[in-house]
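Chemist: I grabbed these lines from TrEMBL:
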type     : residues               : note
DOMAIN   : 278-368                : domain 'Transglutaminase-like'
ACT_SITE : C286                   : active site
ACT_SITE : H342                   : active site
ACT_SITE : D365                   : active site
BINDING  : N405, D407, E454, E459 : Ca(2+) binding site
Amino acid sequence: MILIYVTNNNNDIKGLCKNVFVVILSEDYRINNTTHHTDQNGLDRLIVRRGLPFTITLHLRSGRESSLRFLFSSVSTGPLPKEQSGTKSTFSLTDSALKTAWSVSTNSPPGNVVSLSVSSPPDVPIGLYSLTLDQGQKVKLGEFVLLFNPWCAKDAVYMEEERDRQEYVLSQAGLIYKGTTKRIKASPWTFGQFEPGMLDICLKLLDENPKYSSDADADCSGRRNPVYVTRVISAMINSNDDKGVLVGNWSGDYDDGVRPSHWTESVAILHQWADNCCQRVRYGQCWVFAAVACTVSRALGIPCRVVTNFGSAHDTNSNLLIEFLYDEDGNDISDDSVWNFHVWVDNWMARPDLDAGYDGWQASDPTPQEKSEGVFCCGPVPLKAIKEGELNLKYDAPFVFAEVNADVVEYVKLTNGRMVKMGGSSIDVGHFISTKAVGSDERHDITHLYKHPEGSLQEREVFERAKHHHELQQKGEEPGLKVKIKVSPDMDIGADFDVFAVTNNTEADKTCRVMFYARIVSYDGKPGANCGFIEDLTMEVPTGKEKRLPLRLEYVDYGNTITSDRLIQLVLIVIESSPREFHKAKRTIVLENPDIAIKLLGEPRVNQKLSAQISLQNPLPEPLQNCFFSVIGAGLTDGKILIQNVGTVGPKQEVKYTVEFTPTSTGSRTLTVDFDSDKLSNIKGYLNIEIKE
């Protein structure tokens with residue numbers, strides 16, 4: 001029997017007895033992790049990707065070289081590993097690596113220092129593995145983490161272009177798009193998938209899912225498949241029916257947690273969840289759910305991007321129609337909704353479970369909206385299936401299709417119970433579907449990947465192929481009067497401005513009853529308090545003339561009730577007196593934020609202190625209390641959020657703050673800044689910094 005001694009220290013070789021293999025691990029971490037593109041996780045442990053060999057160095061006493069042929073190795077993952085489920089494998093030394101099974105081989109010349117190459121197949125489960133050597137006595141060499149491998153052509157998550165892998169796997173910072181179709185705003189987010197502790201937390205998230213609790217080995221075996229892992233991530237980011245990470249809250253009351261708009265990075269959220277025994281983190285909304293899902297996906301090696309859909313439908317009854325129902329006073333009494341924007345993720349993977357042609361980007365939505373197979377999760381579903389209306393394909397194709405391509409129908413329910421069609425549209429849903437461009441901060445419009453051009457023959461054919469019979473089918477009259485809403489060019493938070501109701505008639509003189517009101521609204525379309533109103537105004541509209549009706553919106557009316565989304569919904573209802581016909585126009589506006597200015601003070605070099613001056617001007621006609629700047633950057637702030645209380649900022653006053661930090665790694669890094677106060681929050685800025693040696 002040959003004893004095996006495991007060490008991380010070269011000096012331990014001295015003085016060991018002659019019948020010992022010495023396995024030196026520490027010197028292999030740097031080479032392996034760099035080769036496997038995991039070095040950003042650190043060099044103090046072995047983290048590798050499947051389908052690519054990694055090396056272990058053996059130091060042998062003289063005369064013991066021949067003992068290698070009797071060496072056996074085994075790897076295992078999970079609490080109850082089994083050969084038949086692929087969570088355990090035992091193998092002996094071979095002359096060359098195998099492509100379809102675990103193997104260990106060596107090409108080292110004869111001598112007492114031997115380099116072993118351990119190879120994994122490209123389709124084995126990911127996770128935390130144990131590595132054991134056996135030569136009559138089993139010795140656990142240690143543990144290593146195995147991840148998906150977008151660099152391996154045989155892996156289901158393979159991406160061909162290196163620039164795509166850099167963006168969708170290795171980049172720790174990104175942009176998330178919010179606002180409305182008229183005003184799209186980029187908001188910075190730090191994913192931080194390589195920050196200390198993140199990989200272990202992401203693996204813990206997999207172990208906390210209910211499928212692991214019910215059958216751990218089956219769950220661990222399923223982790224070979226990125227489709228399976230993506231569904232687990234989608235379910236575990238929300239906490240609706242498991243020990244997931246985030247609690248969703250759209251009520252506006254966040255006193256017992258963190259306001260969703262305050263978050264700027266995933267690291268603090270995941271640390272809070274893991275450090276508190278998997279207690280749910282309060283609170284998140286769609287972009288927070290999506291950003292955290294992106295962090296976990298990239299950490300595990302699944303290419304991922306955050307996607308925003310403007311004019312995003314929530315179809316509650318799966319009929320592919322958004323049915324808006326109003327009473328005669330204009331109150332919305334419907335169940336369906338169209339969100340101003342909604343955010344989810346796309347993951348890149350092959351789909352061998354489907355027919356050919358559906359590999360590539362797959363939509364997945366961790367925001368808890370509807371259940372899928374009894375669990376609050378959604379996807380992954382191929383973008384091609386959504387675009388072509390193939391709604392029988394896994395997973396949740398009808399729901400995602402409706403989000404980007406549902407038709408809108410509007411009805412008025414009269415006091416006698418009769419429903420009158422007020423309008424509708426086939427082009428209100430699914431616009432400017434956006435994600436950050438590869439290698440730049442530009443917005444990349446990917447609408448064409450989700451749907452054919454709006455209103456085109458192809459788009460209509462796809463909808464007709466996909467749609468179900470909707471439940472409120474009624475025939476209504478087409479209106480002859482045209483109504484719309486126009487807005488002022490400059491609508492800044494804190495300012496007073498006008499919006500206009502416009503009517504245009506091309507048939508005959510009309511006498512109309514007009515209701516025009518403005519109300520606060522959240523990004524998911526839920527209405528709040530009124531902030532402007534014109535009620536029951538009788539207006540004459542001459543033939544062929546345009547009639548304008550101004551509505552003044554003043555800060556004194558909207559300032560105390562507007563949410564951090566800074567959205568105001570304008571609703572115009574026009575009722576013709578004879579014949580009695582209803583017309584409706586709706587528009588959501590977003591008020592502009594003040595800008596955060598960030599200026600570097602010095603040359604950015606690794607491991608050298610660097611300063612940045614941050615400034616912001618209060619746009620409001622009243623002071624801001626309890627003002628804070630929060631600063632974070634992967635590779636810049638050592639995984640910590642730097643918080644500075646700047647007190648009170650007077651009306652129209654500028655506040656400045658200088659932050660100091662020490663970059664810990666070279667390359668392109670992003671410094672993200674968030675400003676928060678009692679009356680103004682969700683103000684974000686960022687600066688890309690190139691850190692030199």
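Placement of Cβ uses the backbone N, Cα and C atoms for every residue, glycine included.
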Chemist: Counting distance between Cα atoms, which of the recorded positions H342, D365, N405, D407, E459 is nearest C286 (active site)?
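Modeler: Result: the closest of the recorded positions to C286 (active site) is H342.
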Chemist: Looking only at the domain 'Transglutaminase-like' (278-368), how are its residues distributed among DSSP helix, strand and coil?
Modeler: 15 helix, 40 strand, 36 coil
Chemist: Rounded to the nearest Å, what's the C-alpha distance separating H342 (active site) and D365 (active site)? Just drop the number here, would you?
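Modeler: Checking the Cα atoms of H342 (active site) and D365 (active site) gives a distance of 10 Å.
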Chemist: Enumerate the residues of the same chain, N405, D407, E454, E459 excluded, that satisfy the criterion Cβ within 8 A of the mean position of the Cβ atoms of the recorded Ca(2+) site; list them in sequence order.
Modeler: A406, S426, I427, V429, G430, K451, H452, G455, R460, V462, F463
Chemist: Just name the winner among D407, E454 (the binding-site residues) by count of other CB atoms within 10 A of its CB.
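Modeler: The residue with the most neighbouring Cβ atoms within 10 Å is D407.
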Chemist: Taking only the Cα atoms, work out how far D407 (Ca(2+) binding site) lies from D365 (active site), in Å, as a whole number.
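Modeler: One finds 21 Å between the Cα atoms of these residues.
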Chemist: How far is it from E454 (Ca(2+) binding site) to D365 (active site), counting Cα to Cα, in Å?
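Modeler: Given the Cα positions, E454 (Ca(2+) binding site) is 23 Å from D365 (active site).
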Chemist: Round to the nearest Å and give the CA-to-CA distance linking D365 (active site) with N405 (Ca(2+) binding site).
Modeler: 16
Chemist: Suppose you look only at the domain 'Transglutaminase-like' (278-368); what would the mean pLDDT be?
Modeler: 91
